[in-house]
Amino acid sequence: MSLNKRILTFLSICLSLALLVTAGCSSPSGPGGGAPNDAAGEIKIGVVATLSGDGADYGVSIKRGLETARDRINGAGGINGRKISLVIEDSHGDKNEAINAVQKLINRDRVLAIIGPTNSGEMFAAGPVADKAGVVIMGTSNTARGIGEIGPYVFRNSLPEDNIIPITVRKSKEKLGFNRVALLYSSNNDWAVSSAKTFEEALREQGVAIVETQTFADGDTNFQAQLTRVAAAKPEALAVSALYKEAALLLIQARQQGINLPVMGGNGFNDPELIKIAGEAAEGALVGSPWYAGKDDPAVRDFVEEYKKRYHTVPNQFAAQSYDALGIMAEALKTEGAAADRARFRDALAAIKDYRGVTGRFSFDENGNPLMDAVVLQIAGGTYREVK
Amino acid sequence: MFWQQVVNGLTAGATYALVAAGYTLVFGVLEIINMAHAEIFMIGAFIGLLLVTGTCCPVWAAVAGAMIGAGLLGWALERLALRPLRKQGVSHLAPLISTIGVSIFLMSLAMKIFGPQSVRFPASVEPRFFNLFGTVNISLLQIVILGISLALVAALKVLLARTRLGKALRAVAENPEAAGLMGVNVNSVMAAAVVMASALGGAAGVLVGLQFNAVSPTMGIAYGLKGLAIIIVGGMGSVAGAVAGGLLLGAAEVLAIAYIGSSYRDAVAFIILIAVLLIKPSGIFGKLEGRKG
């Protein structure tokens with residue numbers, strides 16, 4: 001009896017505290033948070049990225065890409081004399097944290113627009129919040145279907161896998177001429193399942209037969225049973241949709257079983273970690289990417305050099321895409337009145353056409369998703385090279 | 001292809017058996033479940049990895065080094081987390097909790113030292129194949145893994161049956177008080193049991209690392225759960241049961257993936273284990289009645 005009472009008191013204290021905290025959060029300013037920025041000072045852009053926990057690699061690259069872009073824009077005189085400043089929040093890869101960060105940026109920091117969050121799942125949670133408040137939110141790393149479709153204020157400049165995989169399949173087939181493919185994917189990861197479907201459609205369109213489909217789960221380490229089935233079906237190439245860790249183990253075990261076939265990968269293959277774990281077994285793997293650091297283009301060379309000087313590493317696709325994202329926003333800010341008004345900024349951004357960034361020529365489609373080309377890369381000599 | 005899959009299953013099962021033998025040895029002698037065993041297994045894998053990448057060593061030396069390292073860790077575990085509790089005569093749940101504590105500590109330590117990413121073994125065994133009966137390709141690596149695991153379990157069996165230490169272990173397992181009265185040093189025998197179990201776990205860690213190339217601080221969790229399931233199905237405290245249970249689970253998993261689908265792997269494997277328990281509740285090699293403390 002007394003225990004029950006104590007639990008009750010404890011719960012009621014917790015509840016009242018929780019109420020106090022939420023009330024405290026929402027009271028200072030209503031939704032929308034009034035006008036952004038001060039009229040003349042810096043133009044504040046909010047950033048939500050996964051800077052700690054799983055996926056911190058992605059967030060750190062994004063932050064570096066954005067800071068490089070900010071310094072470049074400000075160094076060249078800013079936007080009509082006004083400098084851009086970044087307000088950076090860590091979402092820890094968590095949907096709720098992403099929502100909190102977006103609310104803080106809108107209501108407390110009163111940013112003009114937001115870049116991020118990192119994962120598609122976070123964007124599906126936080127995008128509607130910004131959209132409802134009438135603040136532009138732009139993903140630089142979300143590759144799932146339906147991001148731009150969340151609302152008129154939601155944009156992204158990262159190319160979805162729906163666009164990249166068909167290009168990967170077409171180019172790989174041109175180069176290697178296979179007709180029988182085995183498909184392997186992680187069946188408990190929404191993103192991997194969706195890109196496996198895209199692989200299936202793209203292969204069918206190219207007239208390639210899928211002779212075997214095998215699945216596994218994120219976290220699995222033993223792929224021998226699946227690979228034995230695959231080998232028995234005698235394919236001429238493999239298509240794999242998985243995160244880099246599972247993909248790397250799968251490649252190693254395939255080689256151990258004597259399966260020496262060309263492998264096409266989804267976006268999980270687009271990570272130098274894959275080469276680090278799989279080593280020799282990763283050689284020859286093909287993957288589509290919006291970014292290629294070795295591209296013969298002065299803008300790309302300048303960016304790679306600048307980035308290397310700052311962080312002593314070659315920028316990856318996340319750094320490149322976020323570098324371009326701030327560049328695209330800066331372009332839109334040059335429009336009359338866009339720097340002081342969130343709605344005008346949104347219209348200016350949506351009107352961006354043929355922006356030339358380091359990831360290529362860029363436009364938004366009517367939903368705020370990117371229209372751009374991907375390159376196909378092949379792993380050779382422990383690094384990615386463009387397939388011509 | 002069926003027999004190829006059976007070979008795959010048995011190689012996976014052999015390492016399960018090795019992990020389970022460690023659990024069963026500690027349970028048989030100390031009557032506790034050592035929840036830190038899975039993390040000792042993981043540390044063993046890292047020690048093997050350091051030996052293979054760092055310096056010289058061929059596979060057998062990596063296995064031996066991992067066994068020594070894991071054995072020392074087992075000794076420390078017994079001295080620091082088990083013996084003090086035993087002296088105070090606390091309930092059987094206390095060592096369970098203290099070993100969980102050690103397991104969390106070891107996992108965090110490995111995270112701190114090696115980072116959360118998986119690391120791979122360098123290709124230390126060439127991918128060479130032997131053809132059996134025209135249909136089955138068994139790789140050199142698979143032979144090495146099967147051979148080392150089965151040899152180690154066989155050595156354990158011989159040690160238990162034929163040596164003085166084995167006799168002492170069996171005596172303590174039967175009744176520690178009586179064994180003590182007969183002049184057996186119960187504390188050292190219990191320490192020996194934990195050290196041997198840990199050494200087996202360390203060897204299993206290296207073999208799993210070689211087999212799947214994924215060594216990470218969290219690799220022990222799945223193997224720990226499988227090891228526990230195996231000793232229950234095989235019969236608590238029985239080494240033969242650990243081997244039979246391990247091979248059964250390995251084969252069941254692989255055949256489930258190959259013929260039913262990967263999402264049903266654990267479901268099928270555990271349905272088989274439950275079926276075994278329904279037919280023989282004490283496990284395949286279990287005696288109906290355990291020792292009464």
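Backbone N, Cα and C atoms are what each Cβ position is placed from, and that goes for glycine too.
Any TrEMBL annotation is an automated prediction that lacks curation.
TrEMBL has this to say about the protein:
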- B:12-33: transmembrane segment (TRANSMEM)
- B:40-73: transmembrane segment (TRANSMEM)
- B:93-111: transmembrane segment (TRANSMEM)
- B:132-156: transmembrane segment (TRANSMEM)
- B:189-216: transmembrane segment (TRANSMEM)
- B:228-261: transmembrane segment (TRANSMEM)
- B:267-286: transmembrane segment (TRANSMEM)
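Sequence-distant contacts of the transmembrane segment (B:132-156) (same chain, at least 6 residues past either end, Cβ-Cβ under 8 Å): 1, 3-4, 7-8, 10-11, 14-15, 17-18, 21, 25, 59-60, 63, 125-126, 196, 200, 203-204, 207, 210-211, 239, 242-243. Ranked by number of Cβ pairs under 8 Å to the transmembrane segment (B:267-286), the listed stretches B:12-33, B:40-73, B:189-216, B:228-261 are led by B:228-261. Three or more CB pairs closer than 8 A are found between the transmembrane segment (B:93-111) and the transmembrane segment (B:40-73), so contact between the two stretches is assigned (pairs 6 or more residues apart).
Put simply, of B:40-73, B:189-216, B:228-261, the stretch with the most CB pairs closer than 8 A to the transmembrane segment (B:12-33) is B:228-261. Beyond the ends of the transmembrane segment (B:189-216), by six or more residues, the same chain brings 11-12, 14-15, 18-19, 21-23, 25-26, 28-30, 34, 37-38, 40-49, 59, 62-63, 66-75, 77-79, 82-83, 86, 114, 116-121, 124-125, 141-142, 144-145, 148-149, 152-153, 156, 159, 165, 168-169, 171-172, 179, 223 to within a C-beta distance below 8 angstroms of the stretch.
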